[in-house]
C-alpha cells in the first residue's frame, strides 16, 4: 500500500436493530430499546443505489451489514442476493460482508456470490470480553475470523476503544488482531447513547490519537481504518489520524449514527496532499 493513498469504504445497514445479543456498546440490541431505525430487510434496489452512491463518492469497498448473532439460511440467501445485485450494478467496488458469527461453509457460499472480504471485529481483548457481552464468546468471534481466511476471503477485523478497557486490554486485542494477519483493521471509538449500559467514553482526544499510533505499531502493513466515532472523538482534528498511522476512513453514515458528508471527507483528504485510492488492492 502506498504511503500517500487513503482508502475509503462505505457501509450499508441492510438489516437494522434486530439483534438479540447483549453487547453493551451496541444500539442494535433489542435489549436496550435505543431510539434507532429498526427493520428486517432493506430492499435490494435501495442497497444497489447506496452502492452506486458509495462508488461515486470514491469508496473502494462496500459492506453489507446485518444485525444479529450470525448467519442462518434465510439471512445467508438475502445477503447473497444483495451481493449478486450490487456486483452486477457496480462491478468495480469491492464487496464486504459483516454478518456476525459464520461457519466455513457459509463463508464459502458468500465468496461464491462475489463477497471478497469478511468483517468480523474482535471488539476488545479476550480477557475483557465478558464485561461487554455475555450472550456469545470472544472465542466464537476469533473462530469466525479464522473461518473467513480458510474460506479464501480477505479478513477485516478490528475493535472498539473507550469501553472501559485497560491499556493492557488494548494491547492484548491488538496482538490478537495481528495474529490473524487481516487485510484491514477498523478502529472504532465508543459512541455513547443514553439507552446503553455503558454511560460514556472516558478517552481524551490525545489518548485516542495515541491509540491509533499504537494500533499502527502492532499492524504495520494493514489498512488501518478509522470508523465509528471518528467525528465525535476527534472533531475538527479528525484528519490528523493520518499523521498517527491511519490510512483509511469509513465515509458516509455509520450503522445507526450519521457521518460526515462524503464530499467533505474527499475535499479534506485531497487538500492535505493525499491521493484517494481507486481500488482496495493498490
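Glycine too: its Cβ is placed from the backbone N, Cα and C atoms.
Swiss-Prot names 63, 156 as [2Fe-2S] cluster ligands; from the candidate set 19, 23, 26, 98, the record adds 98 to that same site. Same-chain residues with CB within 8 A of the center of the 19, 23, 26 CB atoms, the [4Fe-4S] cluster site residues themselves not counted, are 21, 22, 25, 27, 28, 29, 67, 133.
Note: the Cα of residue 23 ([4Fe-4S] cluster binding site) and the Cα of residue 98 ([2Fe-2S] cluster binding site) are spaced 16 Å from each other. Between the C-alpha atoms of residue 19 ([4Fe-4S] cluster binding site) and residue 156 ([2Fe-2S] cluster binding site), the distance comes to 21 Å. In sequence order, 9, 11, 61, 64, 65, 96, 97, 117, 118, 119, 120, 186 are the same-chain residues whose CB sits within 8 A of the CB centroid of 63, 98, 156, the residues recorded for [2Fe-2S] cluster being left out. Taking CA atoms as the reference points, residue 26 ([4Fe-4S] cluster binding site) and residue 156 ([2Fe-2S] cluster binding site) are 19 Å apart.
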